[in-house]
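Quick look at what TrEMBL annotates:
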| type | residues | note |
| --- | --- | --- |
| BINDING | Phe53, Ala54, Val55, Tyr58, Asp143, Val144, Asp145 | UDP-N-acetyl-alpha-D-galactosamine binding site |
| BINDING | Asp143, Asp145 | Mn(2+) binding site |
| ACT_SITE | Glu235 | active site, nucleophile |
Amino acid sequence: VFNQEPEILHPKRTDVLVITPWLAPIVWNGTYNIDILNKKYHQMGVHVGVTIFAVKKYTVFVKTFIKTAEKFFMVGHKVNYYVFTDRPDDIPKIALPEGRQMVILNVPSYQRWQEVSMRRMEMIRDFSQQRFIKEVDYLVCVDVDMQFTDDVGVEILSEVFGTLHPGFYGASRQHFTYERRPQSQAYIPQDEGDFYYAGGYFGGTVQEVYKLTDFCHKAMMTDKQDNIEAVWHDESYLNKYFLYHKPTKVLSIEYLWENHFKVPNVLQRRRFVAIPKQHNAIRN
């Protein structure tokens, strides 16, 4: 017996878009009941994998990432942190509770940071097929130079999800920095596109992440043969993929934030925040 009317009849938020035109939920604070969701995913015994790339000097971010994730990310659920790195000896040893573990995956280093960024799609794809499919139910693929500052739980899980880019929140389509050259595989025409998605936060079931990363990697390789590099590297190809393969859930800017942005009134929580850094010093 329901003690309360189902909340669905009374949308909690009217100040933000909570559903896409293709009826995928957009996740904001106040749009879900975490207790109901936790119960559901505990019954399923869900196991979540997180991929991060700690290549070259980016190893310095791993400790903060894991420590803050342990406080806020999928608390009470089973988690594998997959750390892709070319410097395994620089990855700190962190004691984790039962059901949560860090897995070091050795990867080659590339000269240019753009290459490192773009090769992530290939590596996630290959490991999805060889390993992740046997170990976890969902993958969450994020940047390592970030910290969790509020709860991020099973409310993000879905078949395939993308995240709104905080730099383009509220901007109109013509301001999106999609790849506009028709000769690129990442090309999106001026009159198309739903949202501008961030390259640093996507995920879904292992099978769906495999499809997404396979598409992006093949598109990049085709462009590479034609001496084209998309304007925002892997992010450009991700946006192209989501244009024709709509995400089944979209995460709001709460899930990816940079503190130097002007804070809109709709932002009630900042859950996952970029760590300020000198890009050039870290990348080179």
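Cβ coordinates are placed from backbone N, Cα and C, and glycine is handled just like the others.
Nobody curates TrEMBL annotations by hand; they come from automatic prediction.
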Taking only the CA atoms, the spacing between Val144 (UDP-N-acetyl-alpha-D-galactosamine binding site) and the residue listed as 'active site, nucleophile', expressed in whole angstrom, is 16
As a whole number of Å, the Cα atom of Val55 (UDP-N-acetyl-alpha-D-galactosamine binding site) is distant from the Cα atom of Glu235 (active site, nucleophile) by 18
Cα of Ala54 (UDP-N-acetyl-alpha-D-galactosamine binding site) to Cα of the residue listed as 'active site, nucleophile', in Å and rounded, measures 18
So Phe53 (UDP-N-acetyl-alpha-D-galactosamine binding site), by the Cβ count within 10 Å over all chains shown, scores 25
Same-chain shell around UDP-N-acetyl-alpha-D-galactosamine excluding Phe53, Ala54, Val55, Tyr58, Asp143, Val144, Asp145, C-beta within 8 angstroms of the CB centroid, reads Ile52, Thr59, Phe61, Val62
Between the C-alpha atoms of Phe53 (UDP-N-acetyl-alpha-D-galactosamine binding site) and Glu235 (active site, nucleophile), the distance in angstrom, to the nearest integer, is 15
Span of the recorded UDP-N-acetyl-alpha-D-galactosamine site, as the biggest CA-CA distance among Phe53, Ala54, Val55, Tyr58, Asp143, Val144, Asp145 in Å, is 11
Around the Cβ of Ala54 (UDP-N-acetyl-alpha-D-galactosamine binding site), other Cβ atoms within 10 Å, all chains included, total 23
Asp145 (UDP-N-acetyl-alpha-D-galactosamine binding site) to Glu235 (active site, nucleophile), Cα to Cα, whole Å, comes out at 16
Same-chain residues at least 6 positions away from Glu235 (active site, nucleophile) with a Cβ under 8 Å from its Cβ, in sequence order, are Tyr197, Ala198, Gly199, Gly200
In all the protein chains shown, the tally of other Cβ atoms within 10 Å of the Cβ of Val144 (UDP-N-acetyl-alpha-D-galactosamine binding site) is 23
